[in-house]
Structure formats: structure tokens, C-alpha cells
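Database features, via Swiss-Prot:
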type	residues	note
REGION	1-229	region 'Pyrophosphorylase'
BINDING	11-14, K25, Q76, 81-82, 103-105, G140, E154, N169, N227, R333, K351, Y366, N377	UDP-N-acetyl-alpha-D-glucosamine binding site
BINDING	D105, N227	Mg(2+) binding site
REGION	230-250	region 'Linker'
ACT_SITE	H363	active site, proton acceptor
BINDING	A380, N386, Y387, S405, A423, R440	acetyl-CoA binding site
Amino acid sequence: MTKKALSAVILAAGKGTRMYSDLPKVLHTIAGKPMVKHVIDTAHQLGAENIHLIYGHGGDVMRTHLANEQVNWVLQTEQLGTAHAVQQAAPFFKDNENIVVLYGDAPLITKETLEKLIDAKPENGIALLTVNLDNPTGYGRIIRENGNVVAIVEQKDANADQLNIKEVNTGVMVSDGASFKKWLARVGNNNAQGEYYLTDLIALANQDNCQVVAVQATDVMEVEGANNRLQLAALERYLQNKQASKLLLEGVMIYDPARFDLRGTLEHGKDVEIDVNVIIEGNVKLGDRVKIGAGCVLKNVVIGNDVEIKPYSVLEDSIVGEKAAIGPFSRLRPGAELAAETHVGNFVEIKKSTVGKGSKVNHLTYVGDSEIGSNCNIGAGVITCNYDGANKFKTIIGDDVFVGSDTQLVAPVKVANGATIGAGTTITRDVGENELVITRVAQRHIQGWQRPIKKK
């Protein structure tokens, strides 16, 4: 049977008062990504042709944060309940397409669970996602007859037998566009809150003799929402543990899964080791036998085989060749490219520069807008002076160059192959091949020197 086209509605208009934040609730992040972005991505994975994003509070902020998302922005000017929210998108529904209703503050719903829900949807009926809770207090109970859902009874309206039911409503549901439009038009607001509830569709479907089936989520965390920062932290830790468990099963040695954060994607080789408190952001690729020390932050980097990144190093938008050694306390800024067998040591910062094979930059050095050849030694305290207050300039260093400690290279400047620069030198002109350059003043010895005495 040919599958129906699919569109998604994501409810994301809530303010999130209990977050105590100026940021709309659904923009708070899980694993480095706004909660609603997780839901949008899942809808895309499902193959949704249209994603209708219902927004309200903080609309300008929402549009700014999600400017690149392929969604249909649907404004809910007043928040009058879940059915009212979906009503705002109903004019965009096609009669013969399936519509799945999702929630922007429930970010962990999976493609696999939603596929089961969509497959279970009866013709002209509703498929409802439910979950079994050990403590269902406060949730709407699922009432079944002959396996079908005939009602959702709220806590305050439930009798003693109904209160013992563990199966509860999640709010996630699927029906076709024509049915949604028909039932949404009939939803009333005759309740204490004066709001329009999506749960009323269950009773309306049963009135029309349309089947309502329930599919149970196997993991309660899939449907958990975050209304406050405590719940947000619980979702974060759950997802991080899930991601760490997957990596462990793939052969990555994560020394403490509870102290590992993946806020993007990680592609890895064999025998990778990751110590505690490491943060992975953006898209990171690690080769075979890479070792990441404690407290490192890696963002959008490619790391070759047999590289060791020692503790508390920060790498961003950089490339590191095989058998290199980085850190501890190194910083690679965007545009840093290190060839194979390079060494970058403690308190070294490299930005928008290339370092050739086998070269060493081991201590207390800044390299910016530079090209360093192979087999060079850059001493402690070397500075490439790349900025004149208005523009950046390049420093180009050839192969087999030795740069002594406390040297300043005032760009634009070139140092040819084999040159040696003495410690304490300031380079302002190009250096020729195999030259020795020293600019420091001659050392003087003054006998009988008397240091100044403090005045009392």
C-alpha cells in the first residue's frame, strides 16, 4: 500500500515561565541544540513534506535562532490550548496527508517510535502515543474498550478504578488532514480554563465511530518534556548517557560516561580513548588510536591517527595530522592546520596558520596568520606580530628554521629555509636562507654597580 504524504505540526508557542528566562522555552538547549531543533530534525528524518511550527512568545527571538530551518512559521497570538494551537496550522493541511502532532519541549522523541505510530494509524482514525508510568498522578488516563481508546480521563475526573490505570496520554498523535480539520472545528472550550484541548479529539472521533488506537512508547524519556531547568538537566544527562553508551558499544573508550558531553556529531576510528570532562561540539572526526586528555574541548575538528591531545586543550575549526602531540593547555583557533608529527605545547595559541611536518611549537607562543615549514623549532615566548591595529599580515617561515626564545616576528615578514634567529630578536625584515640573525644589544658588564636605595 502506498504511504500517505506526511506533514508535522510542532507546538512551540509556550513562554516557559518556570525556566525563569528571557529565552523562549523551546530554545533552551539539549546536547548543544535547541529542544525544538531536535524535534524539527526528527520530523525531517520522518520525511515530513511540511513542518508547521506554531510559535508565540518571543517570536522574533525564535525566528532569529531558527532562521535557517525549513519550516512554515504559524503564529498563535493567544495561547488558548493545544487544539487552538493546531487549529492555527489547519488551513495548511491537505485532506489526504497524515499529520503528526509533536511538541517543541519534548526533544527526545525518536523517528522509530513515530514510524510505529504512523504505521498503526487506522483509516480516518487516530493513532495516539501513550506511555506507562509507575506514578501516573496528574496525567490523563487512557480508557480502552476492546483494545481501542474510547476516552482520556483527567486526574480530577477519574474514579477509583480509573486512577489505578498506569497508561497515560503523551499528546503526540497522528490523523489525516481532513479528519483533523473536521474535529478541530468541533472542539469547544467549555472547561474551567476556557481552553481548547487536543484530547477532545478522542471523544469526537469515537462519536463519529472512527477508530482510535494507542501505541506505547517503550522509553518514557522519549516523551518527557522540560518545563523547568531541573527537568532540562535530566533530559540532558539522559541523552548524554545514551550517546556515550552508543560510543562505548562502538569501541570508543570513554573513561567516565557521566563526565562526557557530545554536543554535535562524532566520527571515530578504532581504539580511541576519551578521558573525563571532555566536550565534543559541532562535527568532530577522530582517527585511529587518538587519545583525548581530561578537560579538552573539541569543536569542528579533524584529528589524524595516533594523535595525543593532552589535558585542557581547546581546538576549534582545526586540522591535526597523524602522530601529532597537542597540549597540555594548548589552543588551536579557527584555521589552524598542523601537519603530521608536529608538537604544540603548553600555553601555545595558533590561529589561521599552518605548521609543517615535524615542527615544534612547545611553549608560551602565539602564531597567527602564519605559514611554518617542516622541521622547524619555535622557541618559548615567540610572537608573530600580525596586527597593526587595522589590518592583519602574514609571517612565512621556511623549512628547518630555528627561532630562539622571546623572538618577535613583525609581519609581513619571510624567514627562508635553514635560518637561525637568536633569542630575544625582533625581526622586521626578511631573513635569507641559512642566515643567523640577532638584533639584541651587546651585553655590558658594569663593575661596582649600586642598586637604587628606597627612600625612607
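Please read every residue number as a count from 1 along the shown chain.
Just so it is clear, glycine is given a Cβ too, placed from its N, Cα and C backbone atoms.
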Whole-number Å distance between the CA of G104 (UDP-N-acetyl-alpha-D-glucosamine binding site) and the CA of R440 (acetyl-CoA binding site)? 64
Cα of G14 (UDP-N-acetyl-alpha-D-glucosamine binding site) to Cα of Y387 (acetyl-CoA binding site), in Å and rounded, measures 47
In the structure shown, which of the recorded positions R333, H363, R440 has the fewest Cβ neighbours within 10 Å? R440
In the structure shown, which of the binding-site residues D105, E154 has the fewest Cβ neighbours within 10 Å? E154
Which same-chain residues, if any, lie at least 6 apart from S405 (acetyl-CoA binding site) yet have Cβ under 8 Å of it: G379, A380, G381, V382, A423, G424
What count of other C-beta atoms do you get within 10 angstroms of the C-beta of G104 (UDP-N-acetyl-alpha-D-glucosamine binding site), across all chains shown? 26
Round to the nearest Å and give the CA-to-CA distance linking L11 (UDP-N-acetyl-alpha-D-glucosamine binding site) with H363 (active site, proton acceptor). 53
Return the average pLDDT for the region 'Linker' (230-250) as a whole number. 98
Between R440 (acetyl-CoA binding site) and G81 (UDP-N-acetyl-alpha-D-glucosamine binding site), how far is it from one CA atom to the other, in Å? 76
One should report the C-alpha separation between G81 (UDP-N-acetyl-alpha-D-glucosamine binding site) and D105 (Mg(2+) binding site), rounded to whole angstrom, as 15
